[in-house]
Every structure is written in C-alpha cells, then in structure tokens.
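Positions annotated as Zn(2+) 1 binding site by Swiss-Prot: H127, H129, D140. Under the heading Zn(2+) 2 binding site, Swiss-Prot lists H142, C185, H191, H193. Per Swiss-Prot, domain 'MPN' is recorded for 49-177, and the stated evidence type is sequence analysis. Taken from Swiss-Prot, the feature motif 'JAMM motif' covers 127-140. The feature site 'Indirect zinc-binding' is assigned by Swiss-Prot to E72.
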Amino acid sequence: MVTLSSPSPSLSCVENVTCKSSHVSRVLISGTDNINHGESSEAKILRDVHISERLLEDFTELARENTEKDLETCGTLAAFLERGIFYVTTLIIPKQESTSNSCQAMNEVEVFSIQNERELYPVGWIHTHPSQGCFMSSVDLHTHYSYQVMVPEAFAIVVAPTDSSKSYGIFKLTDPGGMEVLRGCSETGFHPHKEPEDGNPVYEHCSNVYKNSNLRFEIFDLR
C-alpha cells in the first residue's frame, strides 16, 4: 500500500522546499542532559537533514494497531540530497516480525528496490517502544550502526508513547567513540556496551535534524 502525505507529495514541489513560504525549525528535545555531555561528536561537520512536520504523527498512526498490542513497529527513512541538505521524502514500512521489545524487517530487497528506483539515500530509521522508555537499546545501536556506517548523517527516531518525560527522540552514534565501540562488538541480542575511550557516550541526540513545514513525503506500507 502506498499512502501519500498531505500536502501533495509531488516531487516537483518537494524539490522547492527552500522556498520562502516554508517554515524550518530545529528539532528540540527536552531531557537530553543524560546523553549529551562533553564535546559533541557533531564537531565533525554533518549535512543538515530536513524531515516533514507530519512524519512523527503519520508514523505513530500507522503503528497504532501494533502499539495497542504492545508490539514494535519499524520503518526506513529515505532522502534525496540537494545543495548539501538531505530531504527525507520517503517512509518505507517493510514486512516485519515484532515483539514488545524488538522489530525485525523482512524482505528488505523490497525496501532497497524503492530506494534505488528513486535514487534515494537510506538516511535513517524510525521505530516504536510501545511500553518502554525513549532510549536506544543495544540491539537498536547495532541496527543503527549499519545505517551510519554508510551515511554519516544517518539518524534513528524512537517513538515512545508511554514515556511521560519524552515521547520521542532522534539519536545517532557518537563518532568516533560510539562507532568504534559498535564496530568492535560481535555480540548479539541485548547486552551492555563498553564506554568509548574518548569519554563521550555511545550515542547522542542529533542537532542537525530540522522539521520542514513545506516538505512533502510518501509512505510505502509493505506489510
């Protein structure tokens, strides 16, 4: 099933997201002191990423049935690159197997096909924690490593509707610290990770992601 977001997802309009009528705002998330400390790894210059203001709302609605059953839902975020900025225009929800604390994408060739046809970059992913807090589990970190090793700007959105202090977060692995930890870890399942040698945490909140009021996107629900 393909769902088109509103306003109209015409790519001719998407490419004009820098027009004067659009409103772009940095994503600000409260309660970040326990993750960001010391010198942010984003001292390394990263491209800005724009997401639609409707992305979180639309994904949360698509995940509602699973959330009510205490099952996770996941999706891939794909973007095009224009003038040094990534614009997320596509949300792909693959076939998947879920539990209350995990979500495994199936038939990922379908996801790759959509991305390749549209010449899009896999810049991140989004998933729910239906009954847990807003954080990145060890399994989430390994999943995200596979994105960030390809695209340094890759980010992970966690939607946690039952977390009263923070209903969502946008995260990335610290670089080089967190990336080195994950690169050298061969464990599977839920497990602790050592602290990076540079003194930073394994992951942190993103500061280069912005909500764009004029950015249109399409949703491919392949379930």
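Every residue number used here counts from 1 along the chain in the order it is shown.
Quick reminder: no glycine exception, Cβ is built from N, Cα and C everywhere.
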Out of H191, H193, which of these binding-site residues shows the lowest number of other CB atoms within 10 Å of its CB?
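Comparing Cβ neighbour counts within 10 Å for the binding-site residues H191, H193 gives H191.
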Taking only the recorded positions E72, H127, H129, D140, which one has a CA atom nearest to the CA atom of C185 (Zn(2+) 2 binding site)?
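Comparing Cα positions, the candidate nearest C185 (Zn(2+) 2 binding site) turns out to be D140.
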In angstrom units, rounded to an integer, how far apart are the Cα atoms of E72 (site 'Indirect zinc-binding') and D140 (Zn(2+) 1 binding site)?
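One finds 12 Å between the Cα atoms of these residues.
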With a radius of 8 angstroms around the mean position of the C-beta atoms of H142, C185, H191, H193, what other residues of the same chain does the Zn(2+) 2 site pick up?
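Going along the sequence, the neighbours appear as S138, L141, V181, L182, E187, P192.
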Does anything in the same chain, at least 6 positions from H127 (Zn(2+) 1 binding site), have a Cβ under 8 Å from its Cβ, and if so what?
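Spatial neighbours, sequence-distant, of H127 (Zn(2+) 1 binding site): E72, T73, C74, G75, C103, D140, A156, I157, V158, V159.
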Pop the Cα-Cα gap between H129 (Zn(2+) 1 binding site) and H142 (Zn(2+) 2 binding site) into the table, whole Å please.
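Counting only the Cα atoms, the answer is 16 Å.
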Taking the recorded Zn(2+) 1 site as H127, H129, D140, identify the other residues of that chain whose CB atom sits within 8 Å of the mean position of the site's CB atoms, giving them in sequence order.
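Going along the sequence, the neighbours come out as E72, C74, C103, T128, Q132, M136, S137, A156, V158, V159.
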H129, H142: which of these binding-site residues has the highest Cβ count within 10 Å of its own Cβ?
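The residue with the densest Cβ neighbourhood is H129.
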Reduce the DSSP letter at H142 (Zn(2+) 2 binding site) to three states and note it down.
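The residue in question, H142 (Zn(2+) 2 binding site), is helix (DSSP, three-state).
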How many other Cβ atoms are found within 10 Å of the Cβ atom of E72 (site 'Indirect zinc-binding'), counting all protein chains shown?
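So the Cβ neighbour count for E72 (site 'Indirect zinc-binding') comes to 23.
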If you count Cβ atoms within 10 Å of the Cβ of D140 (Zn(2+) 1 binding site), leaving out that atom itself, what do you get?
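Taking all protein chains shown, D140 (Zn(2+) 1 binding site) has 22 Cβ neighbours within 10 Å.
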Under DSSP, the domain 'MPN' (49-177) has how many residues in helix, strand and coil?
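For the domain 'MPN' (49-177), the helix, strand and coil counts are 37 helix, 47 strand, 45 coil.
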Around C185 (Zn(2+) 2 binding site), how many other CB atoms lie within 10 A of its CB?
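A count of 16.
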I'm trying to understand the geometry here, so how far is the Cα atom of H191 (Zn(2+) 2 binding site) from the Cα atom of H129 (Zn(2+) 1 binding site), in Å to the nearest whole number?
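Between the alpha carbons of H191 (Zn(2+) 2 binding site) and H129 (Zn(2+) 1 binding site) there are 18 Å.
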